[in-house]
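Here's the structure we're looking at; comments come further down.
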Amino acid sequence: MAAYAAFKHVELYNVGKAKKRVLRPPGGGSSDIFGSEMPQTPRNVKNRMASNIFAAEKDNGVKNNVRQGAHRFYFIGDAPRRGQKTVDSHSRLFGEPTRPITPGKNHMKSSIPFGQNTEAVAAQKLLTTNGHYNGKSGSVSSASSSVSSSTENLKMNSGSRSEGNPVTGEGYKVVANEYSQRQESSNGGTPVINKNRIPPGGYSSGLW
């Protein structure tokens, strides 16, 4: 009971009473700490009846008058905000950074050489690519000669294939016998016996 009596005078008499608050900060209601009077600026009141169709308002900066979603409409005399240039403090203090001038690339110009020296240009390119000739000793093959040689090889292969029937294998020359005869003549002495190898699926598969 003594604990209740000791606590009673601290808390119970303050129940329901509001705390005292400071209504004004020290020094008055203004935030001026130096005591000088602030200049009173007149309040701007917008004239809502004034028309701004033909000219931008003098007091206000550039603004968007009507906005509807992504579409923005500008009246005569107004300019979009994107046109305003932002002032960078670095460029204002140190000037514009100097950028190296790069020449413009002509994208319409063809990279294929035309004219009479196409063979010489192709030969020069092949000569300088790897620093050595293109597989043939003492000669540089150009693109046109490689194309013509590849077409000749195709003609020769197609001619040899047309002699026989690829399905049955009839009419083809037996290449293994020619190969064994060549080796006999080259060695001169003992003939080398080569076994004829049959491809998987036989000769009638069309792959061989």
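Numbering starts at 1 and runs along the chain as it is shown here.
Backbone N, Cα and C atoms are what each Cβ position is placed from, and that goes for glycine too.
Small disclaimer: the values here were computed from a predicted structure and weren't measured.
Swiss-Prot annotations:
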- 82-93: compositional bias 'Basic and acidic residues' (COMPBIAS)
- 137-150: compositional bias 'Low complexity' (COMPBIAS)
- 151-165: compositional bias 'Polar residues' (COMPBIAS)
- 178-189: compositional bias 'Polar residues' (COMPBIAS)
- SER30: phosphoserine (MOD_RES)
- THR41: phosphothreonine (MOD_RES)
- THR98: phosphothreonine (MOD_RES)
- THR102: phosphothreonine (MOD_RES)
- SER111: phosphoserine (MOD_RES)
- SER139: phosphoserine (MOD_RES)
- SER150: phosphoserine (MOD_RES)
- 24-43: region 'Disordered' (REGION)
- 82-106: region 'Disordered' (REGION)
- 132-208: region 'Disordered' (REGION)
Between SER111 (phosphoserine) and THR102 (phosphothreonine): CA-CA distance (Å): 20
Spatial separation of THR98 (phosphothreonine) from SER111 (phosphoserine) - C-alpha basis, Å: 32
CB contacts for THR102 (phosphothreonine) [other CB atoms within 10 A, all chains]: 6
Packing count at SER111 (phosphoserine) (other Cβ atoms within 10 Å of its Cβ): 4
